[in-house]
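Take a look at the structure set out below.
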């Protein structure tokens, strides 16, 4: 152990962050920073045994606030001593992303002189940086009089705080000191006895206790305990031996009591354990800890709380009896039994379900509901009218059963958001159940509790989440359910959507009837065809075919643009998109039934504006309260400490908030050139149809897809061959049959239509026909391309071009009759989007034009055809030149 040493008037200072070295204690540090390496080289490595340095604790400014009150108590009032700290600011802080982050560092005014007991030098690879590992021994306390820099590290003018031998002898005669010494020694011996039983290392400590002065031993004992930084600093500031002994006795006694409490808890737990209850260890330890703290309250027992929760759930009487039976069974089961957790989870589900709790519906105001629907959605008058009708019935008969509405339409037309608006208009909670890709019946009815990992179905889980029994429940993508060996979810939905059956819906996991009759179900689908007929029969189908260009424009101006600007942190002061530019985006960059791609393109414009705004960011100058330092003190002069590598302290000026402001020189107004720069060249143009049908053998058809109506070009060409028909374009069986019917009809009428010389009755003599449907990666099927195929073949054989402004749809028979087809509204909207001016429809589809918006019909010429000859008459310029020769 170190003897008393004579300190020089000035010492090199090595700062320790959040760590204190006490006299007589040892610490191992690793030095890697430039300043600490230079300090070790010059003060310890070169001077060898004679080298001394000072260890000074430092604290961040943020940490000082919480400890000022603790440090201000410092030492006893007899000596008049107080803990003090030096506040130092530096501008040499760590830099992040090129910006300086000022910081205030507080240096403790008292430190400990230390000498090196061991030094080892190393070189890091591949950087070649020199590092030192140093073992330091604390010697004695000192007080900092003045702090300054010396090369790369700090030095301090100090004064020793050690007592002289005469002063120490005088203190040892003090009765208070003698009493404190005996008390400390007794407590220390008791702690050593406990440690001897646990670690068998008390022999060496006893030797120290008998040989060292007690005021020095106090520092050594305390340094071996786990203490907070505030307590370590308090010990460092205790220059008076009596104060130091008093604090050391308190810390030793506290450490002794913690060991005894831990032993007591361990003994309690070990007495209750058996070999088969190892998994019960943590629970028993927690119980013993609660008993020791006096926090064991039987009233708050989990099962008692669960029972109270079940009583307040409002279950029907038959279900309450079932729940009580399950609860009694649970109370008899030990917690470690395998079925305990599953039974408890089941009872918690029964308690959480909303058996009686319902949303408090506001008084129905039809005008307010209509205004809400108009505010949320543009157009969709038929859908809104149906919702208002339901609300009117609810107002006259509050207990009326709700309809099961099924919104069918392409993506992006607002089916899901419309269901949310219905909930808002009714004042009910909204829950969405996604059925896309569901193939397991258990997703609807739940798993039986006998299975591992069983859980309730999605319907019961959704009701648990919204915590009311009468929400608006959206069954999203109901047309995309599948079936396999695990069952058919669509069949399970038959019970859910039947008002006569869902009042006692039986979930396999719940195993008790649950009333779903108060739930308003709304379903969405892209197509009607995949939905099984029995399930479709239980729903009221409302079609949402898509939006016209004018409707898209209104939706963009009223809904999409404000939402996009808000999502990108912009407003109309930064970005303005005129109506004319929105029209160009609709015409040239989006041809869809919905508005999702339109919103994506508007978002691209908003992102470009956001980049411009961010680039014009200008920082406001720092507040005048921040002053430059008078001296470059501690320019990155901090070192490492403790058992691990200590980080270098970022030091700088006082923290001040730096505000930023965006200065926009002018509003960004979107024009046509900006559209092409951001969105790229136009994807669509009105000349596409004219360019495609510029050669004979090409006609324009109208088809229906999951994404709404589309324009479909049909190309036919002839080549030398043996009269065979080739079909390409990933076609289905129905459309292949339509192509064969079309070719048969043309061959049968070839002579009448003057498609072949009189002596050649076979138009396929010596040649093959190849019919192709472009966009070969897209599957195509259906009968509505029959008239389009005939028109393309007649154009090919006659070498006359079809009118570029004309599109057609309709199924044909072998005798040339034109039959009606579906999806008329979608197809006409698609023709309008593509700039088509004339549409040929089957005569029997005249009734379907009622659903087409008047604004669209006013821009189109609708031509009705009863027979195939009527189609040919309208499809070519000047009518059919061979019609006069036809015998039909």
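All positions are counted from 1 along the displayed chain.
Backbone N, Cα and C define each Cβ position, glycine as well.
Unlike curated records, TrEMBL annotations are generated automatically.
The feature region 'Disordered', as given by TrEMBL for the ranges 11-40, 41-70, 71-100, sits at 71-100.
Apart from the site residues 409, 410, 411, 412, 413, 414, 415, 416, the chain places the Cβ of 407, 524, 526, 544, 593, 594 no farther than 8 Å from the centroid of the site's Cβ atoms, the recorded ATP location.
The most crowded of the binding-site residues listed here (409, 410, 411, 412, 414) is 409, judged by how many other CB atoms sit within 10 Å of its own CB.
In the predicted model, residues of the domain 'AAA+ ATPase' (401-546) average a pLDDT of 87. Straight-line distance linking the Cα atoms of residue 414 (ATP binding site) and residue 827 (active site), rounded to a whole number, equals 19 Å.
Of all Cβ atoms in the shown protein chains, 27 besides its own fall within 10 Å of the Cβ of residue 413 (ATP binding site). The separation of residue 827 (active site) from residue 410 (ATP binding site), Cα to Cα, is 12 Å. Each of the recorded positions 416, 784 was scored by the other Cβ atoms within 10 Å of its Cβ; the lowest score goes to 416. Cα of residue 416 (ATP binding site) to Cα of residue 827 (active site): a distance of 23 Å. Note: the CA-CA distance between residue 409 (ATP binding site) and residue 827 (active site) rounds to 13 Å.
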